[in-house]
Amino acid sequence: VTPHSSPSFFTSFTFSDVENVNEVVNLFHNLFACAYGVVPAPRDGEEKEMMHRMLRVDHAGEYGANRIYAGQMAVLGRSRTGPLIQQMWDQEKKHLSKFNEILAENRVRPTALLPLWNLSGFVLGASTALLGKEGAMACTVAVEESISEHYNSQIRALMESDPERYTELLQVIKEFRDDEMDHHDTGLEHDAESLPGYWLLKNAIQLGCKAAIYVSQRV
């Protein structure tokens with residue numbers, strides 16, 4: 001994400017235009033926000049903490065999804081399902097790359113649990129892929145549905161807060177949410193529900209996803 005420039009601001013602004021202290025504060029706040037790219041500069045400590053939690057858990061989710069697809073490819077990469085899994089994984093790589101950039105730009109530390117998500121994500125992907133194509137697709141449906149629901153909750157929160165202020169971040173989250181839903185639908189189209197014990201496996205995976213979301217925001 002490249003920092004926004006605002007040449008018209010510099011050329012037109014003079015202190016004679018400022019009528020009160022609040023206007024000075026707002027002008028410098030808007031100028032500083034230009035350097036933040038997708039995420040605007042936080043207005044206070046509460047907003048900063050909220051945004052850090054949001055970005056941290058989104059990064060963790062995309063990191064975990066990448067490891068799940070890596071595990072699936074380790075088992076099914078040479079099968080007829082391999083190209084389909086690779087296609088979804090490639091999109092997840094783009095998502096992770098974007099959140100890597102956003103975290104760096106906003107000086108947000110990733111969750112301390114990345115080593116755990118590294119291992120557990122790969123094991124989940126590989127173990128469900130050992131059940132065959134249907135197992136891998138069932139895992140995809142469960143995980144992508146959880147991530148989509150989480151993104152939807154963030155979209156609602158940002159829309160209720162200040163949609164104009166968070167326009168660019170909303171665009172990113174909506175785009176990624178749509179990709180996750182495409183992956184979810186792809187899993188259903190490729191026989192996820194035909195796996196014996198599908199609902200049991202799906203509920204177990206989604207319970208794990210909810211726990212991961214909770215702790216990744218905080219640790």
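Just so you know, glycine gets a Cβ as well, placed from its N, Cα and C.
A TrEMBL annotation is a machine prediction, not a hand-curated record.
Copied over from TrEMBL, here are the features:
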- Glu62, Glu92, His95, Glu180: Fe cation 1 binding site (BINDING)
- Glu92, Glu144, Glu180, His183: Fe cation 2 binding site (BINDING)
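Overlay of TrEMBL feature records on the structure.
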{"residue": "Glu62", "record": "Fe cation 1 binding site", "Cβ neighbours (10 Å)": "22"}
{"residue": "Glu92", "record": "Fe cation 1 binding site", "Cβ neighbours (10 Å)": "25"}
{"residue": "His95", "record": "Fe cation 1 binding site", "Cβ neighbours (10 Å)": "22"}
{"residue": "Glu144", "record": "Fe cation 2 binding site", "Cβ neighbours (10 Å)": "25"}
{"residue": "Glu180", "record": "Fe cation 1 binding site", "Cβ neighbours (10 Å)": "28"}
{"residue": "His183", "record": "Fe cation 2 binding site", "Cβ neighbours (10 Å)": "25"}
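The Fe cation 1 site, placed at the center of the C-beta atoms of Glu62, Glu92, His95, Glu180, has further neighbours from the same chain whose C-beta lies within 8 angstroms: Gly61, Ala65, Asn66, Gln91, Lys94, Leu96, Ile147, Phe176, Asp179.
Rounded to a whole value, the Cα-Cα separation of Glu62 (Fe cation 1 binding site) and Glu144 (Fe cation 2 binding site) is 10 Å. Here the CA atom of Glu92 (Fe cation 1 binding site) lies 10 Å from the CA atom of His183 (Fe cation 2 binding site). The distance from the Cα of Glu144 (Fe cation 2 binding site) to the Cα of Glu92 (Fe cation 1 binding site) comes to 11 Å.
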